[in-house]
């Protein structure tokens, strides 16, 4: 079975521009694309923290170091400059990869400069004013339990007599 898992996210970026007459997509600073492991043309979900809008589009590369997050095409009706957004990329993977994937979680400041890189989707940086500690603790406990369960299964397999 294949599962769709969080691959990366850019958390609470500020939309810097919107162009209704552009041919679709979201323009993302190349530095942010690299940090979040996004490729040009890759599908992303955009969640607008400011107004609750949610949509899917694809990424195009913006000028490196510019901090650009540009909403293009019809999405400009839903998301405006100044809105806070979360860009989310998912990956389709087999069971083994799904259980071991460590997403790239990128937090940015108001100018879309990277302030923290992580792998815990439930973590909120200190001083951000965001809730997340409980989710991080729950995630760590769940991960530890999964590792213990996996280790027990491996031990059981190793102890089976060969045929």
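Start at 1 and count along the chain as shown; that gives each residue its number.
Backbone N, Cα and C define each Cβ position, glycine as well.
Not measured: the values here are computed from a predicted model.
According to DSSP, residue 25 (pyruvic acid (Ser)) sits in a coil region rather than a helix or strand. Counting only same-chain residues six or more apart in sequence, the Cβ atoms lying under 8 angstroms from the Cβ of residue 25 (pyruvic acid (Ser)) belong to 57, 58, 59, 60, 72, 73. According to Swiss-Prot, the feature pyruvic acid (Ser) maps to 25.
Here Swiss-Prot flags 25 as active site, schiff-base intermediate with substrate.
Residues or ranges marked as substrate binding site by Swiss-Prot: 57, 73, 74, 75. Secondary structure from DSSP puts residue 73 (substrate binding site) in a helix. The Cβ of residue 73 (substrate binding site) has 16 other Cβ atoms within 10 Å, all protein chains considered.
In the three-state DSSP classification, residue 58 (active site, proton donor) falls within a strand. Annotation comment: Swiss-Prot describes 58 as active site, proton donor.
Listed in sequence order, the residues 24, 25, 26, 55, 71, 72, 76, 78 complete the 8 Å Cβ shell around the substrate site centroid, once 57, 73, 74, 75 themselves are left out. For the substrate site listed in the record, the two most distant Cα atoms among 57, 73, 74, 75 lie 10 Å apart. Each of the recorded positions 57, 58, 74, 75 was scored by other CB atoms within 10 A of its CB, and the lowest score goes to 74.
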